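Undergrad: Okay, handing you the structure first.
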Amino acid sequence: MSGLGRSRRGGRSRVDQEERFPQGLWTGVAMRSCPEEQYWDPLLGTCMSCKTICNHQSQRTCAAFCRSLSCRKEQGKFYDHLLRDCISCASICGQHPKQCAYFCENKLRSPVNLPPELRRQRSGEVENNSDNSGRYQGLEHRGSEASPALPGLKLSADQVALVYSTLGLCLCAVLCCFLVAVACFLKKRGDPCSCQPRSRPRQSPAKSSQDHAMEAGSPVSTSPEPVETCSFCFPECRAPTQESAVTPGTPDPTCAGRWGCHTRTTVLQPCPHIPDSGLGIVCVPAQEGGPGA
């Protein structure tokens, strides 16, 4: 009796346990104890990896894990466990989680691969940065007196050509003025001084003596009169020289009218006065070998 009672009690206990905890609940409790990437196998009574059944078309136990595994294999996507969906990283770059950090950093470096939204956002940031930098440079230029030009002022090609051509003309004008000044300086330095009196041409002694004789023979206020010349006029005017002592008859001095007689030894002897007449006589020494010899 006791055994039957025990068996009944045991049977009741098992039945009660089965009623209280059906088979599905037991498996659920077992699956709860398994990690996320594993599932509970009721036949083997242990946790198995979900990777072995992800390739099958119909999987119920590891559906979430298999979906996350396939999402990780795709580049630029990650699996959101809250939404239980695969999300592209390109649509959330800038506010991306750590799973999309590598993808978003590479995409930001190459703006060609960015989506249009990110391109617009980035272009707007670049424009804002350029405006801020332009304003900063404008403040610097306004603060400095040396460069009063407006910020962002750009000259066209025609204006640049006009500026350079004007500078070239100014440089040419300065160079021409310098060359003209140098030429005038060299010319002035090479010319003699105009203040110095010009030297008179020297006359031959014969011509000068003849001029003096003509001036002496003719009065100053009257016109010049004809003059005769002779070789041996007034022999008493001749000065004795060594040649005349040896060979007489070869006189050498010059006698000009009423002027003194000049010899080779530069001795002056008075000539006799000639009575006033219409003709003035000028004595010229005879040359050796001439008709007077």
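Quick reminder: no glycine exception, Cβ is built from N, Cα and C everywhere.
Under the heading compositional bias 'Polar residues', Swiss-Prot lists 126-135. The disulfide bond annotation in Swiss-Prot covers Cys34-Cys47, Cys50-Cys62, Cys54-Cys66, Cys71-Cys86, Cys89-Cys100, Cys93-Cys104. Summarising the annotation, Swiss-Prot assigns N-linked glycosylation site to Asn128 and lists sequence analysis as the type of evidence. Sequence annotations record features per position, and here Swiss-Prot assigns repeat 'TNFR-Cys 1' to 33-67. For 70-104, the entry in Swiss-Prot reads repeat 'TNFR-Cys 2'. According to Swiss-Prot, the topological domain 'Extracellular' annotation covers 1-165, on the basis of sequence analysis. Summarising the annotation, Swiss-Prot assigns topological domain 'Cytoplasmic' to 187-293 and lists sequence analysis as the type of evidence. Summarising the annotation, Swiss-Prot assigns transmembrane segment to 166-186 and lists sequence analysis as the type of evidence.
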Undergrad: Count, for each of the disulfide-bonded residues Cys66, Cys93, the other C-beta atoms lying within 10 angstroms of its own C-beta, and report the residue with the smallest count.
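TA: Counting other Cβ atoms within 10 Å of each of the disulfide-bonded residues Cys66, Cys93, the minimum falls on Cys66.
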Undergrad: What is the separation, in Å, between the Cα atoms of Cys47 (disulfide bond) and Cys62 (disulfide bond)?
TA: 12
Undergrad: Run through Cys86, Cys89, Cys93, Cys100, Cys104 for me and report the disulfide-bonded residues whose CA is within 10 Å of the CA of Cys50 (disulfide bond), in sequence order.
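TA: So the list is empty; none.
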Undergrad: What is the three-state DSSP composition of the repeat 'TNFR-Cys 1' (33-67), stated as helix, strand and coil residue counts?
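TA: The breakdown for the repeat 'TNFR-Cys 1' (33-67) reads 9 helix, 8 strand, 18 coil.
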Undergrad: Quick one: pull the CA-CA distance for Cys34 (disulfide bond) versus Cys62 (disulfide bond), whole Å only.
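TA: Cys62 (disulfide bond) has its Cα 12 Å from the Cα of Cys34 (disulfide bond).
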Undergrad: Is any of the disulfide-bonded residues Cys54, Cys62, Cys71, Cys89 within 10 Å of Cys104 (disulfide bond) (Cα-Cα), and if so, which, in sequence order?
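TA: Final answer, ordered: Cys89.
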Undergrad: Need the DSSP three-state call for Cys89 (disulfide bond) to compare against my parser.
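TA: Where Cys89 (disulfide bond) sits, the three-state DSSP reduction gives coil.
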Undergrad: What does DSSP say about Cys104 (disulfide bond): helix, strand or coil?
TA: helix
Undergrad: Hey, how far is Cys89 (disulfide bond) from Cys71 (disulfide bond), Cα to Cα, in Å?
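TA: Cα-Cα, rounded: 11 Å.
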Undergrad: Please name which of the disulfide-bonded residues listed here, Cys86, Cys93, Cys100, is nearest in space to Cys66 (disulfide bond), Cα against Cα.
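TA: Going through Cys86, Cys93, Cys100 one by one, the closest to Cys66 (disulfide bond) is Cys86.
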Undergrad: Can you name the disulfide-bonded residues among Cys62, Cys71, Cys86, Cys93, Cys100 whose CA is within 10 A of the CA of Cys54 (disulfide bond)?
TA: Cys62
Undergrad: If you draw a 10 Å sphere around the Cβ of Cys34 (disulfide bond), how many other Cβ atoms fall inside it, taking every protein chain shown into account?
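TA: Cys34 (disulfide bond) is surrounded by 17 other Cβ atoms within 10 Å.
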Undergrad: Cys50, Cys54, Cys71: which of these disulfide-bonded residues has the highest Cβ count within 10 Å of its own Cβ?
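TA: The most densely surrounded of these disulfide-bonded residues is Cys50.
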Undergrad: Cβ-Cβ under 8 Å from Cys86 (disulfide bond), same chain, 6 or more residues apart: which ones?
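TA: Spatial neighbours, sequence-distant, of Cys86 (disulfide bond): Arg67, Ser68, Ser70, Cys71, Glu74, Lys77, Phe78, Tyr79, Asp80.
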